[in-house]
Amino acid sequence: MKKLYKGFIMALSMFTILPTPYVEWDDDGVKNMMKFYPLIGLIIGVLWSIIYYLASILNASIILKSSIITIVPFIITGMLHLDGFMDVCDAILSRRSKEEKLRILKDSATGAFAVIPLVILFFLQFGGVYSILEKNSSLYTLILIPIISRSVVAYYLLSRATIKESTLGTYFKKGTNVYDKLIMIITLIITLIISVILLNIYGIILVLLMSLGIKLSVEKCRKEFGGISGDVAGFALVIGEVVGILILGIIP
């Protein structure tokens with residue numbers, strides 16, 4: 001139990017900016033971190049929904065409310081996944097050789113091919129949130145998105161070969177086993193059931209299209225880089241979540 005607690009605290013401090021008790025980082029904690037990735041998604045989703053509720057009752061324009069709700073998940077995660085999204089976009093859109101793309105992926109410099117997709121991403125996410133607010137959708141639906149995205153991304157991270165140059169991707173997989181992947185599958189099934197209860201048939205569409213968006217993102221990166229990494233996981237997660245927000249914004 002102590003090892004699981006340590007894994008949870010390590011995961012919470014790694015993937016969010018939320019304050020956590022001090023624990024010493026070691027291999028016992030690392031191998032349990034991924035088990036809690038969907039739970040981290042639940043925590044983010046709950047906080048996101050609370051902000052959605054508070055913003056919705058503000059006497060402010062829908063544009064201001066949408067802006068606040070759009071940036072909340074990125075702030076909670078410390079922009080961690082956005083960094084991966086930008087790095088991957090910069091590498092893929094460079095249209096260089098595989099070796100050069102891998103070099104760009106590790107480069108800390110930010111290029112135009114990273115900034116332009118980021119602007120597009122924010123426009124899409126803002127538009128989806130604006131539509132959700134305009135329809136006065138249930139705040140509970142926002143909780144689903146971070147759970148779905150993290151369950152699917154974690155499954156692929158644990159199931160696919162990592163890029164040799166990826167220290168972070170290898171680090172997250174250290175000591176994991178089939179039970180970790182099983183946790184992701186079970187979590188996704190439970191989330192699917194809850195999605196159907198809240199959204200009827202649209203719940204199935206939400207889970208399937210988010211999962212498809214993540215799968216296509218991962219497979220594209222495997223083709224471009226020869227494997228998956230922490231940056232690739234962040235890229236796929238961001239894609240999956242913007243797909244989810246757009247779906248919630250479109251469905252009646």
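Just so you know, the numbers here start at 1 and follow the chain as drawn.
Every residue, even glycine, has its Cβ placed from backbone N, Cα and C.
Residues or ranges marked as transmembrane segment by Swiss-Prot: 4-24 (among others).
Remote same-chain partners of the transmembrane segment (38-58), defined as residues 6 or more beyond its termini with a Cβ less than 8 Å from a stretch Cβ, comprise 8, 11-12, 15-16, 18, 64-65, 68-69, 72-73, 76-77, 133, 136, 139-140, 142-151, 154, 183-184, 187. Marked as transmembrane segment by Swiss-Prot on the basis of sequence analysis: 38-58 (among others).
Taken from Swiss-Prot, the feature transmembrane segment covers 62-82 (among others).
Under the heading transmembrane segment, Swiss-Prot lists 113-133 (among others), citing sequence analysis as support.
Sequence annotations record features per position, and here Swiss-Prot assigns transmembrane segment to 138-158 (among others) based on sequence analysis.
Look at Swiss-Prot and you will find 188-208 (among others) tagged as transmembrane segment, backed by sequence analysis.
Residues or ranges marked as transmembrane segment in Swiss-Prot: 232-252 (among others). Long-range Cβ contacts of the transmembrane segment (232-252) within its own chain (Cβ-Cβ under 8 Å, at least 6 residues beyond either end) map to 73, 80-85, 87-89, 121, 124-125, 127-132, 135, 137, 141-142, 144-146, 148-150, 152-154, 156-157, 163, 166, 169, 172, 199, 202, 205-206, 209-211, 213-214, 217-218, 221, 225.
Scored on C-beta pairs under 8 angstroms, the neighbour of the transmembrane segment (4-24) with the top count among 62-82, 113-133, 138-158, 188-208 is 62-82. Long-range contacts of the transmembrane segment (113-133) within its own chain (CB-CB distance under 8 A, at least 6 residues past either end) are made by residues 55-56, 62-63, 65-67, 69-70, 82, 85-87, 89-90, 92-94, 141-142, 238, 241-242, 245-246, 248-250.
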